[in-house]
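What TrEMBL lists as active site, proton acceptor is B:Glu319, B:His320. Among the features that TrEMBL reports, NAD(+) binding site is placed at B:Tyr126, B:Gln183, B:Asn206. The substrate binding site annotation in TrEMBL covers B:Ser230, B:Gln252, B:His255, B:His320, B:Asp353, B:Glu407, B:His412. Residues or ranges marked as Zn(2+) binding site by TrEMBL: B:Gln252, B:His255, B:Asp353, B:His412.
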Number of protein chains: 2
Amino acid sequence: MKIISFPERATWPALLARPVQSTEQIEAAVAPILAQVRQGGDAALIELAQKFDKTDLTTSGLAVSVAELDQAEAQLSPELKDAIRQAYQNIRTFHERQKQPIEKIETMPGVVCWRRSVGIEKVGLYIPGGTAPLFSTVLMLGVPAQLAGCNEIVLCTPSNHPAIYFAAKLVGVTKVFRIGGAQAIAAMAYGTESVPQVYKIFGPGNQYVTAAKMLVAKEGMAIDMPAGPSEVAIYADDTAVPAFVAADLLSQAEHGADSQVLLVSTSKRLVELVNLTLPTQLSKLPRKDLAAKALENSKAVLVETQAEAIDLLNTYAAEHLILSIGNAENVVDQIINAGSIFLGNYTPESAGDYASGTNHTLPTNGFARAYSGVSLDSFVKKITVQHITPEGIQHVGPVVEAMAEAESLIAHKRAVSLRLASLNEINPA
Amino acid sequence: MKIISFPERATWPALLARPVQSTEQIEAAVAPILAQVRQGGDAALIELAQKFDKTDLTTSGLAVSVAELDQAEAQLSPELKDAIRQAYQNIRTFHERQKQPIEKIETMPGVVCWRRSVGIEKVGLYIPGGTAPLFSTVLMLGVPAQLAGCNEIVLCTPSNHPAIYFAAKLVGVTKVFRIGGAQAIAAMAYGTESVPQVYKIFGPGNQYVTAAKMLVAKEGMAIDMPAGPSEVAIYADDTAVPAFVAADLLSQAEHGADSQVLLVSTSKRLVELVNLTLPTQLSKLPRKDLAAKALENSKAVLVETQAEAIDLLNTYAAEHLILSIGNAENVVDQIINAGSIFLGNYTPESAGDYASGTNHTLPTNGFARAYSGVSLDSFVKKITVQHITPEGIQHVGPVVEAMAEAESLIAHKRAVSLRLASLNEINPA
């Protein structure tokens, strides 16, 4: 890793900038695919699978059958099934506690307001194909969908890996389709003869999938969040174990050549030790070429003080932030921009990626400044409710009348005045 | 209102469809404005104000001075100030209770996970100009921003109405700018010499403002929600007071000719009585022409049963839903799609619009199927945190190893294996 020592604050924005991806060309390629699926439905999906994936869906059909889903279990090792079940349980435990009881709040006597959490009726999950079957993401999206009580949970994936099907069954996915790419997003956004139209779309994907999600979002479709390459920032001091830091950096780097990896430290010794251990560890990885490329673009930044480190990390707003420092528990409350934070020597990012219970669908690309990761909240709407009694309207009514009149919305005022007048008639003062 | 009696379910989608607005032309007009502000900064803002609003900002400056904000108070009646203060207090009371305490959850022994709510550092609020000074929206956006602890709360508005300035001061807006239209959204999205770049943009506006928000959202900027014309659906039975129902319909209709107004009932008598009282009430409104136009496009739908009414309302997914029915408290839990619900005869929508405490920034256009209204949640990020002890990694570690290996992410596995190995060395089994 390239070491940058004590950079001036003025250089931080350039130092921490993510690679800018031009989306225009990709959007131009994706827009006709969306239009084709919108108009052509299932037939368009079959045609596009043939064209882009050289896959013939006419015999297999778009939908994965219940029998096929049921058979997946037999194809997995007991060890893997147990692991998936344990991860499922931990994710469920963490997300279940995000449920909030209804609390009725009386803002004035007789004016009672509350919020109800209601699961989004129909949601769509996308899981990409490729070499790594992301069944962990099925859990991360499916568990909160299941807990939220979403009626219809649609999964589109070009992968037929049994672990994906097994996880889908575990989380109660209602329909699985063999559809990949931008056309999968289109199918769930607009609906086809086979694929139900959903109200919110979740999940990772390549640049085409991402562009498709952003384009349907512009039309009003809800999506989980905008996406970019995965990232980790590690803040380590002399209490950190260099080999662990190197392993965590590599576990991010193996995602792909565009993975963002950042090491921040006040200790030159630590940074040098990490750099020393990296090549040995790297050499043991099957995906060493990808990881090496990601490391080439990554940086180790030496700063003078802890305060400076915290400022820099808040400026960067990492998706994953590992605080491998002696006083991590104290520093955590000073972090205002991050997706998920990992404390101490024994909390690798990969624990959160799979099984500790937190969600791994997190804001990348600095989006952590405004966005949260996926949670139970992502799968519910909070509907406000209010009930005002005759006494209540006498308290809040005059306030509404004065404000509505000042906003020149006289019908708004009259809706209150009429009620107040009727009460005065019933109970003349 | 046109009465539609007992429509077949197959006709519901057409019956309940919102007018489709073509956004292409508007986006084509807005995109160059965004680009101009991004490149030209303050100078572009001054030029655009001259061009579109015939306003010369060179003497007044873009920023509203503290003195100007302070002077606003003296220009308002004590009655209006008291009303605004009371509304502020009620909104604050309701939104304050949305704060959640941190709860640490041990998913496995030694694996502790939690969520921290952190205010978004910089947020931007937009308040349109026009005849109605929407100071109520300043409260609805500003109060949760203030409660969330947002450091920088920027307000852009072409209005210089003292009630807007007074409300801005009350909620702790940090900077106010005299900027309107799509260029205001651009200024807050990209930042200029004067206007800070923010991380999330909120607020209503015309089609140009809305298009600007959707375009910057496509670039990754967080926004409150997509917007459409305001709507109310009223479900009324024979326990409803027809004059109140008519007044509520009109208070929605006066927003503009494109306002959506829907009455649903199982009682022909009620619908006829409402229709009877509408013209008299309409004639008393200053904005009667607008309201009459909205009513022309609106519908009263007669249905056979309460179950059918509920289905129809869930299909429509109204921004505001008034349940003026005898068993409203029971029916409310069967409503799964709505922005905000108002129960009984004495709960007019205008109470929620101004002062009961709930937020009035709500999902229109059927977006209530997936989106919630603005709340404290809209102004915070929830950052997950986890801490795993040496004992904890021994519990969760093997789960992570099995899953990472099955996903072919070996560096992810090794980040755990290394830690487990080091513990075995320290405590040999």
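Glycine residues also receive a Cβ, built from the backbone N, Cα and C atoms like all the rest.
Those TrEMBL annotations? Automatic predictions, nothing curated.
For the pair formed by B:Gln183 (NAD(+) binding site) and B:His255 (substrate binding site), distance between Cα atoms is given as 24 Å, rounded to the nearest Å.
The subset of recorded positions B:Tyr126, B:Gln183, B:Asn206, B:Ser230, B:Glu319 lying near chain A, with Cβ atoms under 8 Å apart, is empty. The Cβ of B:Gln252 (substrate binding site) lies under 8 Å from the Cβ of B:Ser230, B:Glu231, B:Val232, B:Ser259, B:Gln260, B:Val261, B:Ala294, B:His320, B:Glu349, each on the same chain and at least six residues away in sequence. B:Tyr126 (NAD(+) binding site) is 46 Å away from B:Glu407 (substrate binding site) when you measure Cα to Cα.
According to DSSP, B:Gln252 (substrate binding site) is assigned to a helical segment. Cα distances from B:Tyr126 (NAD(+) binding site) to the recorded positions B:Glu319, B:Asp353, B:His412 are smallest for B:Asp353. Long-range C-beta contacts of B:His412 (substrate binding site), restricted to its own chain and to partners at least six residues apart, with a cutoff below 8 Å, comprise B:Val400, B:Ala404. When the alpha carbons of B:Asp353 (substrate binding site) and B:Glu319 (active site, proton acceptor) are compared, the span between them is 12 angstrom. Within 10 Å of the Cβ of B:His255 (substrate binding site) there are 22 other Cβ atoms, across all protein chains.
Long-range C-beta contacts of B:Glu319 (active site, proton acceptor), restricted to its own chain and to partners at least six residues apart, with a cutoff below 8 Å, comprise B:Ser230, B:Glu231, B:Val232, B:Ala338, B:Gly339, B:Ser340, B:Leu362, B:Pro363, B:Thr364, B:Asn365, B:Ala368.
Annotation note: B:Gln183 (NAD(+) binding site) sits in a helical segment as assigned by DSSP.
Across the structure, B:His255 (substrate binding site) and B:Asn206 (NAD(+) binding site) place their CA atoms 12 angstrom apart. In the three-state DSSP classification, B:Asp353 (substrate binding site) falls within a helix.
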